[in-house]
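Q: A single structure is presented below for examination.
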Amino acid sequence: MSTLGHQYDNSLVSNAFGFLRLPMNFQPYDSDADWVITGVPFDMATSGRAGGRHGPAAIRQVSTNLAWEHNRFPWNFDMRERLNVVDCGDLVYAFGDAREMSEKLQAHAEKLLAAGKRMLSFGGDHFVTLPLLRAHAKHFGKMALVHFDAHTDTYANGCEFDHGTMFYTAPKEGLIDPNHSVQIGIRTEFDKDNGFTVLDACQVNDRSVDDVIAQVKQIVGDMPVYLTFDIDCLDPAFAPGTGTPVIGGLTSDRAIKLVRGLKDLNIVGMDVVEVAPAYDQSEITALAAATLALEMLYIQAAKKGE
C-alpha cells in the first residue's frame, strides 16, 4: 500500500483508516486542512512495557465510537463544520531504526508547518514528542509546554532515544522555556531544580479545575504552546493499557475538563502518546485517548468559531 510520502508500507499495525472515519489523505501538504493527524507507530524508546507502536491504530479503531455524534456534548456544535481535519496516516520508517524515525518525523512536521497546517499526533511512546518539538520550534520559536503525565520525563541519565529524557533535552536545545511550562499529574520522583512548574496528581485531584487552569494560564502567558498528553497521566483504573502505569492519577472526567480549560491558550501543536493496547481492558485506554484527542480538536474549533 502506498502511504505518506509515496512509500510502500507493509506494516501490520498502521494505515488502516482515519480517525473519526475521516478520509485518509496521504499527501496532506497541499491540502486545505487546518489540522493534520499523524500516527507515529514507534515504541523503541520505552523503558517499561512495549506495545505503544499499536497505539495509533487502537486510537483510530475506537474513535469510530465517537464519530456519530455531530453536535458533541457539551459543546453543542460539530467540530467538523468549523475545522478542516485530515488524517494522513502513519509515519513510515525502517523497522528498528530510531534515528530514521526521528529524522523523518521532524521533516514531515516541518513540511506541514511550512504549508500552514497544524499537527495532532498519535504515539507511539513519548519520545516521538522530541522531534515534533524540534520541528515546531523551528517554525514558532521557543514554546511553552503543557504536559500531562505521571512522569516529568526530565531525567538526565538516559540514552539518545529514551522516552524519559525528552524534556531534559528540549530546554537544552532551546525548544521550550521551562519557566513558562507546566507538568500536570506527576506522581513519580523528579528533580525539583529543572525549572518546570509541577502540579502533582495530589494537587490536581484536590484542587478545583478552574483553580488549576487559572495557574496554568498565568504561567504560560501568551507564548506559543505545545500540548502533550501521556495517557499514563490518567489513573490505571481509567487507562490500564500503557507502558508505565502509576496508581493515583487523574480521572478521565478531570482530564477532559482540564483540556477544555486550555481553550484560550495559543496552542500550536498537540499529541497523545503511550497507548499500549495489549494491556488494555475493553478498549478503555484507547477510548480515553481518542476522546482527549477529540476534545483537543474541539478547543481549536471553539476558538476558531469565536
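Heads up, the Cβ atoms here are built off N, Cα and C, so glycines get one too.
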Q: Looking at Swiss-Prot, HIS126, ASP149, ASP153 are annotated for Mn(2+) 1. Which of ASP222, ASP230, ASP235 sits in that same site?
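A: As annotated by Swiss-Prot, HIS126, ASP149, ASP153 share the Mn(2+) 1 site with ASP230, chosen from ASP222, ASP230, ASP235.
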Q: Show, in sequence order, which residues other than ASP149, HIS151, ASP230, ASP232 on the same chain lie with their Cβ within 8 Å of the centre of the Cβ atoms of the Mn(2+) 2 site.
A: HIS126, PHE148, ALA150, ASP153, GLY185, ILE186, ILE231, CYS233, THR244, VAL246, GLU274
Q: Determine, to the nearest whole angstrom, how far the Cα atom of ASP149 (Mn(2+) 1 binding site) is from the Cα atom of ASP232 (Mn(2+) 2 binding site).
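A: Here the two Cα atoms are 6 Å apart.
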Q: Suppose we draw a 10 Å sphere around the Cβ of ASP232 (Mn(2+) 2 binding site). How many other Cβ atoms does it contain, all chains included?
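A: Step by step: centre on the Cβ of ASP232 (Mn(2+) 2 binding site), count other Cβ atoms within 10 Å, giving 30.
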